[in-house]
Amino acid sequence: MLRLGYKASAEQFAPRDLLAYTVLAEQAGFDSVFVSDHLQPWRHTGGHAPAALPWLGAAAASTERVLLGTSVLTPTLRYHPGVVAQAFATLGCLAPGRVTLGVGSGESMNEAPLGLPWPDGKERYARFREAIALIQALWAGERVTIDGTYYSARDATIYDRPDVPVPLYVAASGPSATRLAGRVGDGFICTSGKGRELYTETLLPALAEGAAKSDRTLADLDLMIEMKVSYDPDHARALEATRNWGALALTSEEKVGVEDPVEMERLADALPTERTASRWIVSDDPDEHVERIWSYVEMGFTHLVFHDPRADQAAFLERYAEEILPRLRARERQVS
């Protein structure tokens, strides 16, 4: 079954506002809410960065049905993977069957400002792989002893583990981490707007390859994608809203070494609107909007989490509930 989620953008909204939008999302019929976990936002002006862990506890207490998770949290530097394992086990006890841990390898802007080292890509991947293994071992075992290169445990126990296991989703944008997601994850996370070939020729084949190493197929995984969408009856307004998230359009080369939100904002604001909009499905017609979204379902994604860039999230949620979600559900019924 296709799941439709809401991205709670912690880089843009204060924690209480984000909580209110999460409650609205549940009322509007969304199936899930995934929150980002940043130490620092992409923009200094008007930026926010509430901590995901306490926020998820409040979200669990304020909702009844939606799946809640991170998209994503980095369990390698400012968080020790053992602390992450304990925190999400506790969340799983408090909201049984409604919590997911989404992990990624991170960005220097969330680690270096605390004086933490930012290793090269090879070490970051090795840390990431080892952190996932420790989290899963702590969730599964009574007493865990591991002597790793980066993380160790000696007779470590998580005493409060949920009866319903917490799924672990692995975010990736390249083939190596995507193979890891297929091999060890319960789900896979990526983002939209990067060109069809990346998904069909690189990521999904790598995911299938990794799954096969664990005697699984893609049907055994939740294929989640963050959908960057800007939908508004006023097309110019939909375009302009993408400027709030111009940093997403910066290349990795343009962002390398940029760890200050003030500088990131300066670089993003220098981009033309055509470029800031390049990562987004920008639409003023609901049928055209759904058609463009559906192309990702046709690729094989089973869980679409919608991220809208505008300040008025209540208006986005209302419009999506009235005009987009019903069309997507109807489309799903037609093809099932």
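In case you wondered, yes, glycine gets a Cβ from its N, Cα and C as well.
Of all Cβ atoms in the shown protein chains, 23 besides its own fall within 10 Å of the Cβ of His38 (active site, proton donor). What Swiss-Prot lists as active site, proton donor is His38, and the listing cites sequence analysis.
Under the three-state DSSP scheme, Glu107 (active site, proton acceptor) falls in the coil class. Cβ contacts within 10 Å of Glu107 (active site, proton acceptor), excluding its own Cβ and spanning all protein chains shown: 17. Per Swiss-Prot, active site, proton acceptor is recorded for Glu107, and the stated evidence type is sequence analysis.
When Cβ atoms from all protein chains are considered, those within 10 Å of Asp37 (coenzyme F420-(gamma-Glu)n binding site) total 25, not counting its own. In the three-state DSSP classification, Asp37 (coenzyme F420-(gamma-Glu)n binding site) falls within coil. According to Swiss-Prot, the feature coenzyme F420-(gamma-Glu)n binding site maps to Asp37, Thr74, Ser105, Gly106, Asn110, Ser173, Gly174, Ser176, Ala177, an assignment based on sequence analysis.
In the three-state DSSP scheme, Lys255 (substrate binding site) falls into the helix class. Residues or ranges marked as substrate binding site by Swiss-Prot on the basis of sequence analysis: Thr191, Lys194, Lys255, Arg279.
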Largest tally of Cβ atoms lying within 10 Å of a Cβ, found at which of the binding-site residues Lys194, Arg279: Arg279
Close recorded positions near Asn110 (coenzyme F420-(gamma-Glu)n binding site), where close means Cα within 10 Å, chosen from His38, Thr191, Lys194, Lys255, Arg279: His38
Least Cβ-crowded entry, counting other Cβ within 10 Å, from the binding-site residues listed as Ser105, Asn110, Thr191: Thr191
Assigned element (helix, strand, coil) containing Ala177 (coenzyme F420-(gamma-Glu)n binding site), judged by DSSP: helix
